Structure formats: structure tokens, C-alpha cells
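**Student:** If you look up TrEMBL, you'll see 17-394 marked as domain 'Amino acid transporter transmembrane'. Sequence annotations record features per position, and here TrEMBL assigns transmembrane segment to 20-41, 47-64, 85-108, 128-148, 160-179, 199-222, 234-256, 276-296, 316-333, 345-363, 375-397.
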Amino acid sequence: NNKEGTALIQKRNSNSRGSLIAASFNFINSIIGSGIIGEYATHLTNLLYFCFYLMTDYSIVLLIKGGNLSGSTSYQSLVQSTFGFPGFLILSALQFLYPFIAMISYNITTGDTLTKVFQRIPGVGPDHILAERHFVILLITFMFTFPLSLYRNIERLGKVSFLSTVLTLTILIVVMIRAATLGDVPTENAWAFAKGNAIQAVGVMSFAFICHHNSFLIYNSLDQPTLSSWSRVTHISVGSSLIISATFAVAGYTTFTGYTQGDIFENYCRNDNLATFGRFCFGFSIITTFPLECFVTREVISNVICSRLLSKAEHVAITLLIVAVCTALSLAYDCLGMVLELNGALSATPLIFIIPSACYLKISPGSWFQSDKMIPTLLIIIGLVVMIIGLIMTGVFPQDCSHGVEMFYCTDVNISGTIIHY
């Protein structure tokens, strides 16, 4: 009996470790997403990276702590128990819009990225079907994103998220190699502490670091969902994402300085085979992130409409509806531009800073002037400031879509890939 009991305990501990690892990979995949290739890098933004790491890490743990205090098992139920039905509706709208728009952008980015990769295949020209973004988006949807989105347990995506992490590290190696081998593209005041539009990095980072909308899904996938185990997952995931994102930003900006594009792969020339391999890895890393956002969108719909667990038929039907609408919109539009920026300012910022802190302040016992409530209060203030700045910067500096326009220096590249200056 003792041997059987010991074996059972060891099996549970092994499952717990496996669950922690799967949860960590899912969380890293959720945080990084496609934000890794659209980062700013100056001395100021390096400091902002660290600040966002601290605030994101703290608010994720705070969110689950609030859920434990209220006995809630989802973000929506936490807000409903705290701010009633109006709060539930507002959060549901934010929690639906952010991942839904993100999925559309994932499809658009995948289509644009992989068509460039396929055109490097001998015999595949601009008129080939593999160079047609609509066909590529439909192909990827039927072969990968829809089947992966059909999983009912988010823990099943752990291996897929592990693959995404491997692909992300591969892309990072590509960017670092190119930072060492390409000639620099200097611009005036490239290494100034901050520039006039550096504050835009705040909006970019709030979009890149958001993962709160699926925190409860990943937390509930743990075999032993405790605050201590969740804190471990959070620290590992957010810390790893910080290192990866900051390294991307520094390596990319070191290479292209003031010419760095929102999508770093727009900076590399089409005949750069190593960059083409990086594009391939990036395209498939986005594919593995799509199902995580679909999980959140489906949960929001089921909680608002059904208020219960979905049957198998309902699960398939809602998943098909979500994927079909996202695919249709990504086929109809090739640039979301300002919509993405507004999504970051109006959806991501409240989900990260304002709502978790407001919930915790309201349900936790004691006065608001206690020391443990100072940081949540500060996060609410920061969130409001970031929202205002994000909206202003969206109007002043609207986002453009380049869609594969070759950079001017690509005509001055020798066979080895080194940029030549005349």
C-alpha cells in the first residue's frame, strides 16, 4: 500500500510538473504572439521594457488573487461578482474584441509573410497560386488554425506552444546573425535617449505584453491551481518573454536604426535566404498563436450566450463561426492599421492595468490606503495615462501598411548579404 501510495504521489507530481511546463509554454506563446517583430528600441524603451515586465507580472498574479478572493473561475465571473452585470458586459466586449481582432491580424500577417516565402521557391512567381494571399490564408485555416482551435482543453496546446517557442528562438537567432553580418544603416541621432515619437512604444508594449484575457484558462489547466504555482508560471513566462522581446528589439534596431519597420522582416531584402527562413518560422509561429485567442473568444461567447459548458456540437459550431468570420474579414481587408492601434489602447490597456487592479481593490478587505493597495491604485493611474497617450498617438502618428515594399538599400546588397553604401 505504501508503495502504491508513493507511486501515486510521484505520478501526481510528474503530472503537475508537466502541467506547469505546458502552462508556461502556452503563456509565453500568448504573451509573445506576433509582437516580437514589431518592437521599438532606444535607451528609453529598454527601460520601459523592464517597467512593463514588472507591471505585467504583478497584474497577472493580482488578477488570479482577485479570482481566489471572490471564488471566481474566469475573468468574466470575477468582474461580474465585483461590478455586477454592467461590468460583465463591458469586460465581455473588451475580452471578445481584443483576441478577435488579433486573430484577423494573425491571418493577414500569415498571408503576407508566407507568400513572400513561397515566392522564393523556384518556379513560383508573383502570378502563382502560392503567391496569392487569399489562397494561402484559406490553406492555413483549413490545415492548421481551425483543427487546432477545436481542442476543448487549452493544456492540449502545450506542445504546439512549445513548437512556437522553438520557432521564436530560431527567429531570434536569425535576427542576431543578421545584426552581426549586415552592414549598419545609420541614421541621424539613432542612439538618442528618446525621440519625439518614442512614447508610441508604450502602446506597442501594452499590445505585446497582454495575456490577461486567457490567464484564467491557463490557470485552470494546472493540475494544482494554487497561487504559488501560478506565480511560478507567471514569473517564468513573463521573464522569458521580456528577454526574448528585448533581444529582438535591440538586435533589430542595431541593424536598421531609424529605418526599422513595425514588422522587422520588412527591413530584410527579398533575396536574403536566411531572412526568408526567418519569415517561414515567423509565419508558423503566428499560426500556433491563433488557437489561444480562439479559446478566449469562444469562452466569452459561451459565457454570454449559454452560461454553461458547450456540448460537442455547440463547441464545433461556435469555433467554426469564429474562424469563418475571422477568415472572411482577413480575406476582405489587407490592413487593419488604426484598428489595431485603437484595439491596443482601448482593449489591451484596461485588461492589463485597470480592471484587475479595480477588482482587487474592491473585493479585498481593509482600507484603500493600506500599503498593499498602493500598487494597484498606481496601476489604474498608469493605465488611464497609457490609454490617453495611446489614443492621442494613434491620431497623430497613424499606422501605415507597407506590404512588402523593398527598402531602398536592397538594390545595394552584394552576394554575401552585406549592405553597401556609396
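Heads up, the Cβ atoms here are built off N, Cα and C, so glycines get one too.
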**Student:** With pairs fewer than 6 apart in sequence excluded, do the transmembrane segment (276-296) and the transmembrane segment (85-108) have three or more C-beta pairs that lie under 8 Å?
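**Tutor:** Yes, since the transmembrane segment (85-108) and the transmembrane segment (276-296) share at least 3 Cβ pairs closer than 8 Å, they count as touching.
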**Student:** Output the single range from 160-179, 234-256, 276-296, 375-397 maximising the number of Cβ pairs under 8 Å to the transmembrane segment (128-148).
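**Tutor:** The listed stretch sharing the most Cβ pairs with the transmembrane segment (128-148) is 276-296.
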**Student:** Would you kindly check 47-64, 160-179, 234-256, 276-296, 345-363 and say which stretch has the most C-beta pairs under 8 angstroms to the transmembrane segment (375-397)?
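**Tutor:** Of the candidates 47-64, 160-179, 234-256, 276-296, 345-363, 345-363 scores highest.
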**Student:** Is it true that the transmembrane segment (234-256) and the transmembrane segment (276-296) have 3 or more CB pairs under 8 Å, sequence gap of 6 or more?
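**Tutor:** Contact criterion not met.
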**Student:** Please work out whether the transmembrane segment (345-363) lies in contact with the transmembrane segment (47-64), by counting C-beta pairs under 8 angstroms that are 6 or more apart in sequence and asking whether there are at least 3.
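**Tutor:** Since 3 or more Cβ pairs under 8 Å link them, the transmembrane segment (345-363) and the transmembrane segment (47-64) do come into contact.
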